Amino acid sequence: MKLLYVFALILAVRIASVFVVKTYYVPDEYWQSLEVAHKLTFGYGYLTWEWVQGIRSYVYPLIIAAIYKLLALLQLDSAQLLVLLPRLLQATLTAYSDYRFYVWTGKRKWALFLILVPWFWFYTGSRTLANTLEASLTTIALSYFPWFGEGSAYLWPAAICCFLRPTAAVIWVPLVLYHLRKTKLSSLDLILKRFVLIGALVAGIGVAIDTYWHGQLIVTPWEFLKYNILHNIGSFYGSHPWYWYFTVGLPTVLGINTLPFIYGIVETVRKGNRQPVSKQLLISILITLTVLSTVEHKEFRFVSSLLPLCLFVSAEALSRWSYHASRLQLWTAALIILLGNVVPAWYLSTIHQKGPIELMPKLQEIAKDYRDEREQRANILFLMPCHSTPYYSHIHENVTMRFLTCEPNLEQRENFKDEADRFFDAPMHWLRSHIPVHPITAQPSHVVLFDSLDKKISEYLINYKLLHSIEHAEVKKLVESPLLHDLSTALGTQLPNVASLLQHVQSRTGKSILVYQRLKQGEENAFNRQEYEDQADPPELPTETQSSENLFN
């Protein structure tokens, strides 16, 4: 196949994913990239604690901010384009990295097939995640690595990758040692004139950028390691057993591609001397998984950079197998792999957790057009687990918004609970303590919450009417499934009970996202009032409607 046609095919798939993938994955897709870029460009928005403490680099958000600035100069900065263009940029970079993977693997058909079909890569390849950028840069660097011959071009993307996410260095340490062992050049010259020089240039530029935007001399990779590794702050957001990456993490990311990967492992172990690249990649994979396993907080996306390594091993093994396989066997294997990836990719990209993405255009319209009886603009309160939705980057209107925060225990206080935990422990108590009651017009104009919460705060919602109900995710049937008990047993008795965990998640999320709008003067919400009046001893309702200072924030 002509390389131009191959790249066009890959690019078409990645661009298609921008428009197909319409679900929510993790907060960092927005809060560590788009929200930061929006704050830099337009002067309003929200920076999470990571940016206050300086553990994140501004390099990636600045690229997105450049797009935002150009749109602003052209007066084309609509909320739709602010969301769409960064994803198109990331999809294009992902497409280029996929193209480099195809070239690196010797332009094998299996390699092209395997890089296009993985469900996880389709699901995340166009998302504005630092992990997606890391995986793309890793693939590009691997394609320039001197597997046969000499060269150091790979050091540039590898160094950028390590600066943005220092844990990426775990992949490159064994590969750099392999390079030093096989090179015919002077090791000292290679270290001083290539490794140190390129590393210092990338680090120097990165430190200069971060120092300027953070407003003080700062080395973000060190701050990242200090908080996440030395202080183990990540465990605040969840912890897993040490073996999780081996038994759940990587197999889930690979999906059905785990089968050809296992076959590739077996073939590489059997014929290691004839497959030196696969052998070295397996060493890097094993070392990376082992090191990452020592950190309590684990996520699927943290091993996304291992995907190209695993796919190379799989592609090489399948290519050798193809020489002796029949046409029926080839088509059967390809069809099984394709279907095994299409089903989870379709479900997770279009159905599961789609609520936040469908919510934001509705909030954008509210933020743009809503005026209350005092001609005040929308004032939106998110009563959801923190960072459950995108934020200003998807609304692009300078209105008042508030969400439940979840900063970790940075000061090591006793019996610490973040704001979200305190709210869900006693929702009505928190509302009475933090949200003004008099006058009604001082209350938020809109409240966004999951349907599992509305009954618990029905007393508060007496002055609101339901405006939107948006489907989000179905978790009840999964919680009730008897398979969960079997899964917990199979994975180990020391694991947290899976059903209990999902019930906890469901208590804070739900099947739908609800948007309530405060009643204006003269409006009547008969349903909520009747439901409220049926309760015993209802408290006196506020009736004052005159102008007053909005104490919401």
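Glycine residues also receive a Cβ, built from the backbone N, Cα and C atoms like all the rest.
Just so it is clear, the model here is predicted, and its values are computed rather than measured.
Checking the ranges 2-25, 242-265 against TrEMBL, the transmembrane segment annotation falls on 242-265. Listed by sequence, the residues of this chain that lie at least six past the ends of the transmembrane segment (242-265) yet keep a Cβ under 8 A from its Cβ atoms are 114, 117-120, 278, 282, 289, 292-294, 298-300, 302-304, 306-307, 310-311, 313-314, 316-318, 321, 333, 336-337, 340-341, 344, 491. Under 8 Å from some Cβ of the transmembrane segment (154-178) lie the Cβ atoms of residues 57, 59-60, 130-131, 133-134, 137-138, 140-146, 194-195, 198-199, 202-203, 206, 220-221, 224-225, 280, 283-284, 287-288, 291-292, 302, 305-306, 309, all in the same chain and six or more residues away from its ends.
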